[in-house]
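To start, the structure under review is shown below, and the notes come after it.
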Amino acid sequence: MHLLPALAGVLATLVLAQPCEGTDPASPGAVETSVLRDCIAEAKLLVDAAYNWTQKSIKQRLRSGSASPMDLLSYFKQPVAATRTVVRAADYMHVALGLLEEKLQPQRSGPFNVTDVLTEPQLRLLSQASGCALRDQAERCSDKYRTITGRCNNKRRPLLGASNQALARWLPAEYEDGLSLPFGWTPSRRRNGFLLPLVRAVSNQIVRFPNERLTSDRGRALMFMQWGQFIDHDLDFSPESPARVAFTAGVDCERTCAQLPPCFPIKIPPNDPRIKNQRDCIPFFRSAPSCPQNKNRVRNQINALTSFVDASMVYGSEVSLSLRLRNRTNYLGLLAINQRFQDNGRALLPFDNLHDDPCLLTNRSARIPCFLAGDTRSTETPKLAAMHTLFMREHNRLATELRRLNPRWNGDKLYNEARKIMGAMVQIITYRDFLPLVLGKARARRTLGHYRGYCSNVDPRVANVFTLAFRFGHTMLQPFMFRLDSQYRASAPNSHVPLSSAFFASWRIVYEGGIDPILRGLMATPAKLNRQDAMLVDELRDRLFRQVRRIGLDLAALNMQRSRDHGLPGYNAWRRFCGLSQPRNLAQLSRVLKNQDLARKFLNLYGTPDNIDIWIGAIAEPLLPGARVGPLLACLFENQFRRARDGDRFWWQKRGVFTKRQRKALSRISLSRIICDNTGITTVSRDIFRANIYPRGFVNCSRIPRLNLSAWRGT
């Protein structure tokens, strides 16, 4: 193992000082408070050292051009600002408890819960010293506008649904040790009587397919997939641990494939079709933990975003970011725009001011940095950046029009009213246009169709399982980014860019035609159809971020490893939660999947349907009529989106949020109109999420209804 010099020094100091030592307590089972204080102090040293080394290491690799695919991914998965503070506090607490448990273990005859031996004052000390202490008390909350952080949406529980809080658990977590270690951590450890397969083996045997088997979806456009990613980035983001080295060993996990917290590498199975060295691995780092509450030490993860459908991907989920995104040079309520480049006279997103920018790696001669938007992942692909650019422009268009109607409004009023309208737009497009095509129109009408009003007892938080389940959209990605000219033709020499050459390529927007060709490609190109024998294209399964190193990542394997990292129960537990049958053998699983060969592959790998990882099990189910998901995903999505609506005090249909005239005006908005109003595109898809081959299904912008803002005059 490679012990890093800087961390080695810290560890040596800790050993010499003999931390976490103290006088044996007088009463059996008790812990001296001085021992607890020593463990907290040691934990802070270890965590801070790991954080600092990792940050310097990633920046050095980016600066030198030796960054790996995981470095690129990690850069955008790193917690920042207030999220980083919350994550650091959780790591302090988890590491301190681990150190204390290690010290007390020789005095115990078997496994024990270390928090059970701490007194209430000691638990409070641990919570306060680590920074985990939270106050969720009633406070005065505005009835007019949302907060940026989502705080105060629920007046009785102001933190419910706010950013930087723990994800909801709809089922108890399942960890190998009952507390934190993911299943698969110990190779010999069985789950429900069977050894778990390596996630890369599952990817190879079930997800992998030859390119000639790829089928385009005759019913859905690529814009359908893209909206799914855009709305997902409105709802959830579970950052990874900021450490890339083991907390207690100082080992660089990417260089050694060491399995030490927070490192959980993806091992390579025999006869892997791409990675020939079985001792190699795909680096993987655990999601940052949330702070344990009370005596519950079972690991959970945080959501860095607000849980509401509120356009936070445009405005941010932290106050500091929201202020950076605003144009502070005037009082017009506008969002900031790029000061160096334009897109045919229209605004582009501002550049982020990263000291060592990963987007520069994708084209060193272009020297175009990453964009700055409300979500840190905005530059992941040009398609996603195009959506962020579109909605930044729409905010500024709304603010400008509102100022024309209300010249006495100040900048904050213009900003807040435009943001409020934007939130309603995202809600309407998602629930009226997108979800019926996900769930099937009849089912969506039955389960999500009628809004009965706000209920303060509804928990709107994003569920841990949703963060994995909503990755169903990965199965709809085509292997190329398509860009079309004004006649919807692929006429340019670079009109079809492989996905593996598009990640973090902000330069392609600046120097290769802006966002219009990308949006046309999303409207006029069909999505990939998810089939049981063709799930995920190799651009994502074998070449993810390959442009900077030989070993690209495997998105399917990452998804399954993440579900184990998060302690998510297996396939049958979630079917039971949804009131669905739980197959026990080959015959029953074959009936559920309507595919005996696939059922046999699953059982050969997992031994029992109980163990099938939620992501792969859910996307393998046959699609419901008119839907793009099977029954399990439909259940999970209905549950989550119903909670996000009914538990939102600022939902657009709630009486008092908008006037009756304003609600009527908002009901006419569409994503097609937003494109018409903010680009040079004059012919758009009328039903934008459905597959339309130009010119069929396309109309002139003059035929798309406009949003009439007269209802906002003088309000």
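One-based numbering along the chain as shown.
Note: Cβ is positioned from N, Cα and C throughout, glycine not excepted.
Note that the structure is predicted; figures quoted are calculated from it, not measured.
Here is what Swiss-Prot says about this protein:
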{"type": "DISULFID", "residues": "C141-C152", "note": "disulfide bond"}
{"type": "BINDING", "residues": "D232, E380, H474", "note": "heme b binding site"}
{"type": "ACT_SITE", "residues": "H233", "note": "active site, proton acceptor"}
{"type": "BINDING", "residues": "D234, T306, F308, D310, S312", "note": "Ca(2+) binding site"}
{"type": "DISULFID", "residues": "C253-C263", "note": "disulfide bond"}
{"type": "DISULFID", "residues": "C257-C281", "note": "disulfide bond"}
{"type": "DISULFID", "residues": "C359-C370", "note": "disulfide bond"}
{"type": "SITE", "residues": "R377", "note": "site 'Transition state stabilizer'"}
{"type": "MOD_RES", "residues": "Y488", "note": "3'-nitrotyrosine"}
{"type": "DISULFID", "residues": "C578-C635", "note": "disulfide bond"}
{"type": "DISULFID", "residues": "C676-C701", "note": "disulfide bond"}
Practice prompt. Could you name the residues, excluding D234, T306, F308, D310, S312, of the same chain that surround the Ca(2+) site, i.e. Cβ within 8 Å of the Cβ centre of those residues, in sequence order?
Written response: R146, G150, L235, L305, S307, V309, A311, M313, S317, G423
Item to complete: Work out how many Å separate C676 (disulfide bond) and F308 (Ca(2+) binding site) at their Cα atoms, rounded off.
Response: 27
Practice prompt. Express in Å, rounded to the nearest integer, the largest CA to CA distance found among the heme b-binding residues D232, E380, H474 named in the record.
Written response: 14
Worksheet item: Of all the recorded positions given, namely H233, F308, R377, which is spatially nearest to C253 (disulfide bond) at the Cα level?
Response: R377
Worksheet, complete the sentence: Same-chain residues at least 6 apart in sequence with Cβ under 8 Å of the Cβ of H233 (active site, proton acceptor), in sequence order, are L305, M313, D375, R377, S378, L384
Discussion item. Please report the Cα separation of F308 (Ca(2+) binding site) and D232 (heme b binding site) in Å, rounded to an integer.
Written reply: 11
Worksheet entry | binding-site residues compared (D232, D234, D310) - highest count of Cβ atoms within 10 Å | D310
Worksheet, complete the sentence: Cβ-Cβ distance under 8 Å, sequence separation of 6 or more, same chain as C281 (disulfide bond); the residues meeting this, in order, are C257, P265, I266, K267, I268
Worksheet item: Given the recorded heme b site (D232, E380, H474), which additional residues of the same chain have their Cβ within 8 Å of the Cβ centre, ordered by sequence?
Response: G228, Q229, H233, R377, L384, R471, G473
Practice prompt. Any same-chain residues 6+ apart from C263 (disulfide bond) with CB under 8 Å of its CB? Would you list them in sequence order, or say none?
Written response: R244, V245, A246, V251, C253, P283, F284, F285, R286
